[in-house]
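Worksheet: the structure to be examined is printed underneath.
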Amino acid sequence: MTGASPNLVASVSRRHPEVDTPSSPVVHFDTGAPLHLACQQDLAPFSIAYETYGELNAAKSNAILICHALTADQYVASRHPITGKPGWWDNMVGPGKPIDTNRFFVICSNVVGGCMGSTGPASIDPKTGAPYGLTFPVITVGDMVEAQARLIDYLGIDQLFAVIGGSMGGMQVLEWASRYKDRVFAAVPIATAAWHSSQNIAFHEVGRQAVMADPEWSGGNYYAAGTVPKNGLAVARMAAHITYLSEEALHRKFGRNLQDRSSLSFSFNAEFQVESYLRHQGSTFVDRFDANSYLYITRALDYFDMRESAGGVLANAFRGTKTRFCVVSFTSDWLYPTRESREIVQALNAVAANVSFVDIESDKGHDAFLLEEPTFFATVRGFLNAAAMKRGLGSPEARK
Amino acid sequence: MNAPDIGKIAGQPRAPRVDHLLIAEMVEAGSRVLDVGCGDGELLQLLSERKGVDGRGVELQREKVNACVARGLSVIQGDADRDLDNYPDQAFDYAILSLTIQATRQPKTVLENLLRIGRRAIVSFPNFGHWQVRTKLLFSGRMPINDNLPDEWYLTPNAHLCTIRDFADLCELVHADVEQAVAFNAYGARLPIKWSLSMQNMFGEKAVFLLRGPKRPAAGR
């Protein structure tokens with residue numbers, strides 16, 4: 001790779017073995033049990049890779065499904081097999097944590113379309129023996145949920161005690177609550193929205209165009225070409241990463257500080273710390289994420305509009321619900337701002353649902369849901385404890 | 001972690017307020033209750049413990065909402081003026097507005113909403129017609145400050161203070177039936193129910209009204 005643009009990413013492994021043989025458990029659904037997709041195609045066979053934590057009780061009533069965000073995966077509270085980093089929600093999920101694995105059986109699966117062991121564009125199409133690439137069908141958030149439902153069936157669980165997720169995970173939570181009203185006792189959609197805004201579609205389009213503009217993307221068939229559109233994907237990640245933070249958080253963290261120098265060098269090197277930080281975010285991302293998965297999953301988010309699917313009235317999506325909801329937003333989240341959570345709450349109120357809504361004061365932007373925010377943690381813990389009492393799972397003290 | 005703080009915000013066990021106890025008497029066991037302006041959730045907790053109600057709350061202040069949810073109450077961060085429109089008709093057996101109506105921007109609209117959302121509405125408010133308020137105004141010429149009206153005029157969230165008479169007029173205006181009206185004196189004792197409205201208005205420091213909304217044709221909201 002040459003030319004005027006700086007080479008952001010040095011080298012990257014080809015298709016990662018985690019795509020075909022994940023480190024986590026994986027369940028295969030064969031051709032006789034296809035996944036019916038929103039685009040009217042069937043996906044078969046397909047695999048769903050998942051992790052579990054804690055133990056399922058005899059009544060199978062203590063299961064919590066955690067739905068991950070755009071670029072996360074099933075490793076919610078265990079070491080990531082590629083990066084070696086702790087689970088992406090390690091501070092929230094674990095023994096004694098707000099989502100307490102001493103009490104609850106926690107399940108987290110890689111979404112369909114992903115690249116960590118669930119079937120996605122990097123997976124081998126059995127019909128051709130080559131990776132799907134762009135022949136993979138366009139999937140939706142609803143499809144992700146249908147695939148998860150198959151996993152939950154496979155695990156023999158009728159009703160989930162809770163479905164919890166932030167960002168895209170929150171959209172899956174809403175879909176779960178809408179599609180499977182009897183299978184979701186409690187739902188916690190966090191930092192999310194019932195429909196993807198024009199601004200968010202716009203940011204995603206920038207990211208996709210960055211990937212597609214990289215010659216190494218090779219029309220989506222880079223697997224065969226033996227290349228990786230690493231620069232394009234890194235730029236996509238850099239642009240997206242800005243939307244996960246806030247102006248205030250960026251300023252606090254970096255200001256106009258220079259990186260490894262005391263004065264401006266009048267060049268286009270990463271002179272500012274914030275540049276260096278973003279380049280790092282971009283380059284580490286390409287090591288663990290498939291570029292086509294990024295295209296497919298961002299597309300799924302763009303298509304997400306529960307209001308539209310509910311005939312223009314969001315409340316219709318939740319009519320008849322008995323689920324207990326806890327909607328959470330963060331004051332500085334401009335990707336999924338508080339008003340979009342409030343819209344969900346208003347729809348739930350319109351059907352007299354049991355809903356709590358907490359707007360957490362934070363200057364950390366959208367990413368706040370992944371960070372140590374004590375009031376947020378206390379909210380999740382308190383809500384789950386109360387729901388567990390209602391579900392007959394006892395109090396945390398009684399359990400220990 | 002910060003669990004003790006949450007506990008503090010949420011309020012340690014203490015004697016329930018007299019107006020809360022009265023509301024608990026008014027509410028039927030096992031009913032569905034919406035508490036608008038639920039504060040730290042004290043009343044919801046009381047109603048849930050003593051009457052086994054299915055309770056929900058709305059509260060404006062973020063910290064109070066957080067504390068309520070952290071203690072397991074179903075409460076949303078919201079505003080009586082803005083967030084009641086979405087609730088369907090008769091969604092609750094009781095819609096309660098406890099010492100909050102005077103702080104709303106549109107008390108009449110809020111009251112109408114309460115009467116629409118709840119089969120019954122319970123409204124409590126500080127009585128600006130209390131004799132001490134009147135004498136304070138008469139003799140000092142300044143806005144009264146007392147336990148019920150603790151803030152300086154320039155700091156108070158109260159925007160629409162009223163007297164018991166004023167509130168009774170509003171009830172008439174919105175065609176609400178007053179099923180019960182109880183006033184408390186400064187010591188928290190109930191004033192005799194037989195007293196006239198003027199006497200209640202003179203000696204009641206707070207009042208609690210149990211209301212039923214006007215019979216309406218199945219309204220298309």
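Positions of Cβ are set from backbone N, Cα and C atoms, glycine also.
Caution: TrEMBL annotation is automatic and unverified by curators.
For reference, TrEMBL has these:
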COMPBIAS  A:1-10  compositional bias 'Polar residues'
REGION    A:1-24  region 'Disordered'
DOMAIN    A:63-372  domain 'AB hydrolase-1'
ACT_SITE  A:Ser167  active site, nucleophile
BINDING   A:Arg237, A:Asp367  substrate binding site
ACT_SITE  A:Asp333  active site
ACT_SITE  A:His366  active site
DSSP three-state assignment (helix, strand or coil) for A:Asp333 (active site): coil
Distance check against A:His366 (active site) for the recorded positions A:Ser167, A:Arg237, A:Asp333, keeping those with Cα within 10 Å: A:Ser167, A:Asp333
For the domain 'AB hydrolase-1' (A:63-372), mean pLDDT (0 to 100): 96
Whole-number Å value for how far A:Asp333 (active site) lies from A:Arg237 (substrate binding site) (Cα to Cα): 18
The residue listed as 'active site, nucleophile' versus A:Asp333 (active site) - Cα distance in angstrom: 11
DSSP state at the residue listed as 'active site, nucleophile', helix/strand/coil: coil
Recorded positions listed as A:Asp333, A:Asp367, least Cβ neighbours within 10 Å: A:Asp367
Intrachain C-beta neighbours of A:Ser167 (active site, nucleophile), sequence separation six or more, cut-off 8 angstroms: A:Ala69, A:Leu70, A:Ile190, A:Ala191, A:Thr192, A:Leu335, A:Tyr336, A:His366, A:Phe369
Cβ neighbours of A:His366 (active site) where a neighbour is any other Cβ within 10 Å: 24
